[in-house]
Amino acid sequence: MNTPSVSSAPHKRSQVSVTTTERARSNTDSDLISAQLSNYELENEYPAHNFRFLFRYFRIDKEFDRLYAENIALRARVGITHTDPLTDIGILPSEVPLDGPKPGRKAMQMGQKLRTALGKRAPPGRLVFKVGGGDSHRFRLENTFEGHRDGIWFVTSSSTHNIVVSASADQTCRVWNLDDGECTHVYSGHTGSVNCVSLSNAESLGDLCIASASGDESVHVWKIPQSGQFTERRETNEEKEKDDDYSDTQEGGLSSALIRLTGHKGVISCCQWLCTSNQIVSGSWDRTANVYEVERGEILNVLTGHEMELTSTAAHPWQKLIATASKDCTFRLWDLREPMQSVAVLQAHEDTVTAVKFSNDKVISASDDRTLKVWDTRNMRSAYSSVRLSSPPNHFSVGSANNLIGVPMDNSNVCIYDLNGQRVLHRRCHSRLATCTSWSDGSTLLTAGFDRLLCSWKIVTKEKEEK
């Protein structure tokens, strides 16, 4: 995932390249021309004005074939086999070790694009795209939420209030009605990409409070009325067609923050309300995490120690425990229950740790090394379970009702696993990389992608299907 269109956005991570010594000159003109008809043959078979066009066409066709064959060879080197060429879902055989050789991300992403364009070896020039595959009959699309003008970084939801909140590189947050997919409010108070949002029912602050972290180096706390109090004017499709530049204020526009939390000296990539509901932890590219007292806007703790930028923060649902993840390949557990805070450092991955979450007595970490690991907080010496993924994961979510992990990945797929590491469902959900998931309840999963779409999916596990 590359840095978004606005310069202050976070993510994504340094690219890991494959050794190119063996193929450094495999793309020269002489190699390509030798496999095609000679110039003399082309000139005699076709009119002169068509010669150049046909010659370039043959070169492009040859290049597509070469890249496709190269990607298949890279996949074979790590033992990945495909269940469906259009879904890009691979299963790693059990005999391949987790710490074995890994293909470069650029090559993997190029292979994904080629399979998307060529389908099952469709003729060059015919673009083919399909969202689906995998367990699509038990992983069904319910609704789409459209409105963002750039990629969506983060999504969270509240079944109690029946809303979904999304954060986007277009510098806005949007609040959606979970039932009909309508955008009810747009928060436009940030001046940089909005990278994360978090919901809280802070009674002392009133109404439903939302914290949003941005590339403008600040966290904004803002609120919306409770469901049932929405009185904003919703613009019709006909009105939108008449004016493509319609104002966000017509969708319940909000631009004033209740509180602005500052103190970081870099892009803020993540934020999370603590269990006390009046404190927030934020993680930044300045390598620190700040714990704020929201009502006064004061910094209570500065958590230092990471050697590179922070990518994710998580708060335990009922204890004052915080987890932070970083590009330094580690995640840390901070215990704030005592005045003298303690920290545990886990060097559990070989690449950037992209996300970390709590689930009761478990903590789950995901990394660019294409692994997802579940840890028992009572015994952190080794992982409780480990999963090898077909592509680098992003901000996953854990369902409180079903204990299932929804994992979005760079290859646009979303896989669902249980805490034991068993894959339950998978399918392709977006046309570009999938960035985040959020469980609304035990059977509804929300996914966000850099195709600017937010999608709601109905999840039916085998156990429910048998009933």
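Just so it is clear, glycine is given a Cβ too, placed from its N, Cα and C backbone atoms.
Model, not experiment: these values are computed from the prediction.
Lifted from TrEMBL, the feature list:
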- 1-27: region 'Disordered' (REGION)
- 145-186: repeat 'WD' (REPEAT)
- 187-232: repeat 'WD' (REPEAT)
- 225-251: region 'Disordered' (REGION)
- 231-240: compositional bias 'Basic and acidic residues' (COMPBIAS)
- 261-302: repeat 'WD' (REPEAT)
- 303-344: repeat 'WD' (REPEAT)
- 346-385: repeat 'WD' (REPEAT)
Key: Arithmetic mean of per-residue pLDDT over the repeat 'WD' (261-302)   = 94
Request  = Could you tell me what the rest of the chain brings near the repeat 'WD' (261-302), counting residues at least six beyond its ends with Cβ under 8 Å?
outcome  = 8-11, 192, 195-205, 211-215, 217-221, 308-320, 322, 324-326, 334, 336, 341
Query = Mind checking how the repeat 'WD' (261-302) divides into helix, strand and coil residues in DSSP?
reply = 0 helix, 23 strand, 19 coil
